[in-house]
């Protein structure tokens with residue numbers, strides 16, 4: 001169900017403030033319309049397009065006991081499913097915000113800058129933790145880690161198990177929901193370009209891996225990347241609660257560099273060597289085969305440029321932290337010396353004080369009267 005923020009203000013209906021305060025309730029009502037559509041035969045066929053995963057293919061397995069296994073491929077109807085789970089992501093965002101993050105914010109009394117960063121890291125930590133755990137379970141069940149050759153062997157991987165396809169649908173839905181959340185959360189203008197930048201990169205890479213049937217490689221790289229990002233945002237949450245705790249950033253810095261190297265290595269191994277030496281070469285849109293040199297170079301270039309951009313941002317971040325740390329250490333070591341003018345003034349006041357005291361003594365008054 002939707003979440004309504006408690007407020008004493010009653011903005012006009014359908015105004016910007018009204019939509020922002022009640023966006024979770026509005027989205028919940030829209031999602032409920034699709035769910036209610038399943039109850040009626042006339043609308044069920046339409047509602048199913050949004051709620052359930054489409055393009056089911058049943059495959060019979062050979063063995064002592066023949067069993068049927070369901071697999072899925074992608075198509076244009078996935079846009080409707082992605083839209084519905086984008087609505088679900090907005091509702092979950094509102095639940096985490098009100099029942100977890102807002103309560104912590106009220107206890108800690110963060111500044112406006114920390115408040116925004118804390119909300120961002122809190123939301124992303126929950127998403128990265130969920131996505132990492134779900135993706136790792138898929139990797140183990142599909143045995144992709146124990147046999148890396150399966151990343152390119154048998155390409156194109158047009159058929160996916162239910163969990164893998166649903167994982168990509170939810171990933172696309174989440175990062176699409178992040179764009180309207182910029183409006184719902186009243187994001188500052190200086191932060192909008194930064195957030196839109198990484199949202200765009202996520203959508204391009206996840207959508208590219210999904211459409212080009214590189215879903216296995218995409219899953220491995222996402223799980224690796226999400227683990228590193230999870231550590232960063234958890235470290236930032238710990239830092240906001242106690243600024244002396246910065247050990248997590250050190251561990252994250254090491255894993256970040258290793259993650260970039262491992263991402264490049266897996267990408268070059270899969271796309272540059274595995275697919276390049278595959279027997280199934282050529283471009284066939286109907287069969288989902290994009291194993292041509294132009295696509296391979298484009299994919300590798302996109303991955304390499306993204307990793308280089310992330311390393312550049314990482315280096316700037318570390319240099320800024322080291323500069324701030326050096327300035328803090330310099331201020332601590334700088335001794336506090338009294339000013340010369342103040343000491344001179346104290347001496348003058350001391351002499352004048354003695355003279356005035358001597359002038360007011362009984363002996364001085366007696367000599368003066370005589």
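Each residue, glycine too, has its Cβ placed from N, Cα and C.
Annotated in TrEMBL:
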- 331-345: compositional bias 'Basic residues' (COMPBIAS)
- 360-370: compositional bias 'Basic and acidic residues' (COMPBIAS)
- 116-325: domain 'TLC' (DOMAIN)
- 328-370: region 'Disordered' (REGION)
- 83-101: transmembrane segment (TRANSMEM)
- 122-140: transmembrane segment (TRANSMEM)
- 196-213: transmembrane segment (TRANSMEM)
- 219-239: transmembrane segment (TRANSMEM)
- 251-273: transmembrane segment (TRANSMEM)
- 293-315: transmembrane segment (TRANSMEM)
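Listed as Cβ neighbours of the transmembrane segment (293-315) (distance under 8 Å, sequence separation of 6 or more from its ends, same chain) are residues 201, 204-205, 208, 212, 214, 253, 256-257, 260, 263-264, 267-268, 271-272, 275-276, 283.
By the count of Cβ pairs under 8 Å, the stretch nearest in packing to the transmembrane segment (219-239) among 122-140, 196-213, 251-273 is 122-140. Summarised as a single figure, the pLDDT of the domain 'TLC' (116-325) averages 93. Outside the transmembrane segment (251-273) by six or more residues, the chain places 148, 151-152, 214, 217, 220-221, 224-225, 227-228, 231-232, 235, 296, 299-300, 303-304, 307, 310-311, 314, 318 with a CB less than 8 A from a CB of the stretch.
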